[in-house]
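S.K.: Handing you this structure, nothing more for now.
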Amino acid sequence: MSNRIAVVPGTFDPVTRGHMDILTRTSRIFNTLYVLVANNPDKTPLLPMHDRVDLVGQALEEYGFPRSEPKCDSESDRNGPIVKIHRFEKGLLVDCCKQLGATVIVRGLISADAHREASMAYANRNMSGIETVFILPDPPLSVVSSSMVRQLIALGGDISPYVPACVTRFFGTHSG
């Protein structure tokens, strides 16, 4: 089987159960998956990059992904996909994909983002030939967003139903 490499970009500010649903399902399709923790010039992040990267790593461990690349001699010796976290701080997403050898961008899709996501997918394909695949979140998770979680944090609400346990712990000890 050829090595199918995909990227899943996002700000992950913070990582949610919706993100983890998309990552888990994407890992069943691709051999190598890069989780691109990105800076978005249109957003002011709640968390600095190093905290977002660390929380994504902790969440991946919580969901049963190994923290580092498995050691094996051949492709057939490996159990499951390789999942790596990559900081994506500036530049074009398609250039990062080329650098990583990825041929597919995977995005979770909720209806509120559909038009914007489709526009970006067309632009990325026109610039580079890299395809975008959309995965619909599990229905109970389709309303979960980092924006909603940030609002709950600001208002002192319970975020535990919407985020991995590591995020709940982080904000339990880092609340303002």
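Keep in mind that glycine also has a Cβ here, set from the backbone N, Cα and C atoms.
Pasting the relevant annotations from Swiss-Prot:
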BINDING   Thr11, Lys43, Leu93, Arg107  substrate binding site
BINDING   Thr11, Phe12, His19, Glu117, Leu141, Ser142, Val143, Val144, Ser145, Ser146, Ser147  ATP binding site
SITE      His19  site 'Transition state stabilizer'
S.K.: Which of the binding-site residues Thr11, Lys43, Leu93, Arg107 has its Cα closest in space to the Cα of Ser145 (ATP binding site)?
M.R.: Thr11
S.K.: Cβ neighbours within 10 Å, counted over all protein chains: which one of the binding-site residues Lys43, Arg107 has the most?
M.R.: Arg107
S.K.: Of His19, Leu141, Val143, Ser147, which is closest to Arg107 (substrate binding site) if I measure between C-alpha atoms? They're all binding-site residues.
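M.R.: Comparing Cα positions, the candidate nearest Arg107 (substrate binding site) turns out to be His19.
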S.K.: Return the residues near His19 (ATP binding site) by Cβ distance under 8 Å, restricted to its own chain and a separation of at least 6 in sequence.
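M.R.: Sequence-distant Cβ neighbours: Gly10, Phe12, Ala59, Gly108, Ser146.
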S.K.: Using all protein chains in view, find how many other C-beta atoms are within 10 Å of the C-beta of Thr11 (substrate binding site).
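M.R.: A count of 21.
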S.K.: Would you mind ranking the binding-site residues Leu93, Leu141, Val143 by how many other Cβ atoms sit within 10 Å of each Cβ and giving me the lowest?
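M.R.: Lowest Cβ count within 10 Å among the binding-site residues (Leu93, Leu141, Val143) is Val143.
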S.K.: Roughly how many Å lie between the Cα atoms of Leu141 (ATP binding site) and Thr11 (substrate binding site), rounded to a whole value?
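M.R.: That separation, Cα to Cα, works out to 18 Å.
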S.K.: Under 8 Å Cβ-Cβ from Ser147 (ATP binding site), six or more apart in the same chain: what's there?
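M.R.: Those within reach of Ser147 (ATP binding site), by Cβ under 8 Å and sequence separation of 6 or more, number none.
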S.K.: Between the Cα atoms of Lys43 (substrate binding site) and Val143 (ATP binding site), what distance do you get, rounded to the nearest Å?
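M.R.: Lys43 (substrate binding site) to Val143 (ATP binding site), Cα-Cα distance: 20 Å.
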S.K.: Count the other Cβ atoms sitting within 10 Å of the Cβ of Ser145 (ATP binding site), across every protein chain shown.
M.R.: 18
